[in-house]
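**Student:** Here it is, the structure, as structure tokens.
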Amino acid sequence: MGISRAKDKKRKLTGGKRKKWRSKRQARIGRPPANTKLGPKLIRPVRTHGGNTKYRALRLDSGNWSWGSEAISRKTRILDVVYNASNNELVRTKTLVKGAIVVIDATPFKQWYKQFYGENIGDKKIKKGEKETEKKEKETEEKKEELTPKQQRQKWKNKTERKKKMKKYIQKKVKRREGHVISKQLVDQFKKGKLFASISSRPGQCGRCDGYILEGAELDFYVHKLKTRKKK
Amino acid sequence: MTEQNQRAFQKQKGVFVSDKRRVLGRWVKGKSRLVKKIGLDFKTPKEAIEGTYIDKKCPFTGNVSIRGRILRGVVISTKMERTIIIRRDYLHYLKKYNRFEKRHRNLPAHCSPCFKHVKPGDIVTIGQTRPLSKTVHFNVIKWEPQQGVDAVKQFRQF
């Protein structure tokens, strides 16, 4: 038995030593840290007290990341570990721990944004909604096939229905775009294809590296920290 | 902002800093801050509501609940960051001699930044919380400033 979590080896508040009065117990064991690194997924299940399982992630390369202000989550690759408030060593060794700041791939979020708002992040906004509908109509018209008259009628019927739905859908997207703002810092990150995110799960416990994209004041804070480090 | 003086970003758990509604200025109720009542008719200090400090161990703005014992004592030392030492005096009865003897115990307690200017000699009410550190299991919930330097050395039983 190695690491123990019992407090009997600790000194008292007064500074006095505590005498050992019992041996180590299985129920109070600690285990060596996972030190989850960046790499192809490697997770070991551990049998814990009560028959429960902990998933010790030894290597991870992706996770589920939330974009808070848009209220969505996507699975993305982790590209790099960039900052750790507790220990610079963990940054150097690229260790994934809760609270570490990492760089993640922005593609799934970019795709979602395009699908949800109908425009790419960082594009200049299309002012007239009508232009958008015209574009879509052209796209749908391009596909033409040889069909029987009945099939053609059916298709034409479906097409008008689809056009109606399309129009409604586009209008919906336009409405979503109204007054919607993305901060400039995020836009810059999206253009580079990399986002700063903070890990909020415990990879050594649950075997996952999930977290949230940094935004607002928090993002400013860490960007500033990284800049000052670079200067040194 | 002087509360961001650590290596990690200080924020309250449960407050979303980058809320779109705040960013767009739709919610203009001032800064969002999680403040709670600790119960037992203890008043939440104004500084806790209006202040900008972040303290996860604060009973009013942090993630601790006050339950169990409520004690009172005199502050002896405020040299630590956000924790103080309190002295509690009591009398111990000796049956053989039908008399009492003075005894005391020192208690470390977490002191939230909402209680500014706590100095040795002040009387403080502390409430029991879950262990906040190796020795700290109490949290300051009420502060009564006292005048007079010798207040520390008086025997006061609460």
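Glycine is treated like the rest: Cβ placed from N, Cα and C.
Copied straight from TrEMBL:
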type	residues	note
COMPBIAS	A:7-28	compositional bias 'Basic residues'
COMPBIAS	A:128-148	compositional bias 'Basic and acidic residues'
COMPBIAS	A:152-162	compositional bias 'Basic residues'
REGION	A:1-39	region 'Disordered'
REGION	A:128-162	region 'Disordered'
**Student:** Count the residues of the compositional bias 'Basic residues' (A:7-28) that DSSP assigns to helix (H, G, I), to strand (E, B) and to coil, and report the three numbers in that order.
**Tutor:** 6 helix, 0 strand, 16 coil
**Student:** What are the DSSP helix/strand/coil residue counts across the compositional bias 'Basic residues' (A:152-162)?
**Tutor:** 11 helix, 0 strand, 0 coil
